[in-house]
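**Student:** From TrEMBL, here are the annotated features:
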type: TRANSMEM; residues: 17-35; note: transmembrane segment
type: DOMAIN; residues: 22-476; note: domain 'Major facilitator superfamily (MFS) profile'
type: TRANSMEM; residues: 55-75; note: transmembrane segment
type: TRANSMEM; residues: 143-166; note: transmembrane segment
type: TRANSMEM; residues: 172-195; note: transmembrane segment
type: TRANSMEM; residues: 207-227; note: transmembrane segment
type: TRANSMEM; residues: 239-256; note: transmembrane segment
type: TRANSMEM; residues: 276-299; note: transmembrane segment
type: TRANSMEM; residues: 305-327; note: transmembrane segment
type: TRANSMEM; residues: 347-364; note: transmembrane segment
type: TRANSMEM; residues: 370-399; note: transmembrane segment
type: TRANSMEM; residues: 411-430; note: transmembrane segment
type: TRANSMEM; residues: 450-471; note: transmembrane segment
Amino acid sequence: MAWQADKESRVDRSSKWFPYLALTALVLAELSASYETSMVFAALPTLLREFPDPIGVSWLVTGYLVGSAAFAAVCARLGDLYGRARILVIMLMLSAIGSAMAAWAPTLAWLIAGRALQGSAGAVLPLCFGLARLHLPAPMLPIAIGVLAGTASLGAGLGFLAGAIIVDHISWRWMFTLSFGLALAGAAIAACFFPLRGAGARPQGDLDVLGGILFVPGVVGILLAATDAFRWGVLDPRSLALGVAALGVLALWARYELRHPAPLIDIRLLARREILLANGVFSMCAFGAMQTTIIVTMLVQQPTWTLVGLGATATAAALVKFPAYAVGTVGSPFGGLLTSRIGGRGAAIWSASIMTGGLLALLADHSSIAILLAFGIVIQIGISMLYATVGNIIVLAAPTDRTSEAAGLSSVLRAIFQAIGSQVVLLTLASSTIALEAGGSPAYPDGRAYALALIIMAAAGVAAIAMAAALKKEAAAPRPAAA
């Protein structure tokens, strides 16, 4: 017997305030999840001192992104099938467990495992998009998607700032203690506001468990191959074997999903031109511009004797980046408004152009905190506008019963490309270093390494503009409310 779609909540739906209350609940849930995205960035130098393994510590970023991709891929579709609110609460609870693991981690491996489980928060935004489409009136949806995307930016900024303050004044473990409490609070709010039963449509036939299982090792294998290529060499047989094996697993997964009657991750959604191009735009954004936090954090905290760094604290690095996240919170609703006025194509071109312009400016000059602050704001405005624009294009192009899945697929691709981008940027920064003494430790990236990393990021931005220009002019045109 098919389950009924979410049609009731614990708040009176007939009230004129219901859409705003529903949006507030979704914002609070996403805020608790997005905190975890960037809280660890400011702590990287501290964690490198405690765990002197640069490649291992880099997996505190990559492991979270891989977990985010896996959970977004599987759980967004489960939300469409079994109820988005129910899966939302489960994801936040898993995130809390991951935070607890990380807070009391005795080893780096245990800490990485906790961060990977924290990646369950990556499924929260696509689930919130699905709940927004379900509970909010159609005219309100573009702005609501923008608000939720802006919340992701604000939460990331608060996480970065809180993490920096905690690292400078108390133990880094308290970062994870705070995220534990926030995840529990987000789960409680969602559980109180939205119905947890009688939601979703039960899948036809067996649940596609194998499709979810095959996806994860393929992605992890590619990232491990990229990491090991730096350690062993690109042409080393071990690197090549791992990369080929990972691609083989992903090819097997794609073939299996294409032949499955009810795939857990329906890659056939990418056959829709608008969904494919919108995902391409945001994937390039994730690969390039979203690595700005790594660049800014390292530049601000790197010693001045390197002739590149600014020699400031982790808190100073966070204060440089936080205004960008805060302004980005406004940029996302503006991106949603722009989409509703000029369509997804025009909004995407403008957003990607602003983002890429900021990257090129940062490449030209990154010599002071004021410059990093100004150009960081420009880049984040472009990213936040693009977040809302792409979200609207995908939500409106997808079938209603697969909204969260389509948004989840977008989150998967974003997380994968952000993870690959972080590895590329970190490895690029490590490719040309300077130390106080030849062969000494620690070694820091030199000016050439930073320039090369920023060139790679800007090139990805140019690719995003090209893909945005290929979108149809009518992409994300507002739809009338259903009768």
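Using N, Cα and C of the backbone, Cβ positions are placed for all residues, glycine too.
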**Student:** Cβ under 8 Å, sequence separation of at least 6 from the ends of the transmembrane segment (55-75): give me the contacting residues as numbers and ranges.
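**Tutor:** Those are 36-37, 40-41, 44, 47-48, 87, 90-91, 94, 98, 108, 111-113, 115-123, 126-127, 212, 215-216, 219-220, 223, 227, 230-231, 264-265, 294, 408-409, 411-412, 415-416, 418-419, 422-423, 426, in sequence order.
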**Student:** At an 8 Å Cβ cut-off, counting only pairs 6 or more apart in sequence, do the transmembrane segment (450-471) and the transmembrane segment (172-195) clear the bar of 3 or more pairs?
**Tutor:** no
**Student:** Before we move on, state whether the transmembrane segment (276-299) and the transmembrane segment (207-227) share at least 3 Cβ pairs under 8 Å, counting only pairs 6 or more apart in sequence.
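**Tutor:** Answer no, regions not in contact.
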**Student:** Looking only at residues six or more beyond either end of the transmembrane segment (305-327), which have a C-beta under 8 A from one in the stretch?
**Tutor:** 42-43, 45-46, 153-154, 156-158, 160-161, 163-165, 167-168, 293, 296-299, 368-369, 372-373, 376-377, 379-381, 384, 434, 436, 444-447, 450
**Student:** Under 8 Å between C-beta atoms and at least six residues away from its ends: which parts of the chain pack against the transmembrane segment (347-364)?
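**Tutor:** Non-local partners: 278, 281, 285, 288-289, 292, 295, 335, 338-339, 371-372, 375-379, 381-383, 385-386, 389-390, 393, 451, 454-455, 457-458, 461-462, 464-465, 468-469, 471, 475-476.
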**Student:** Averaged over the domain 'Major facilitator superfamily (MFS) profile' (22-476), what pLDDT does the predicted model reach?
**Tutor:** 83
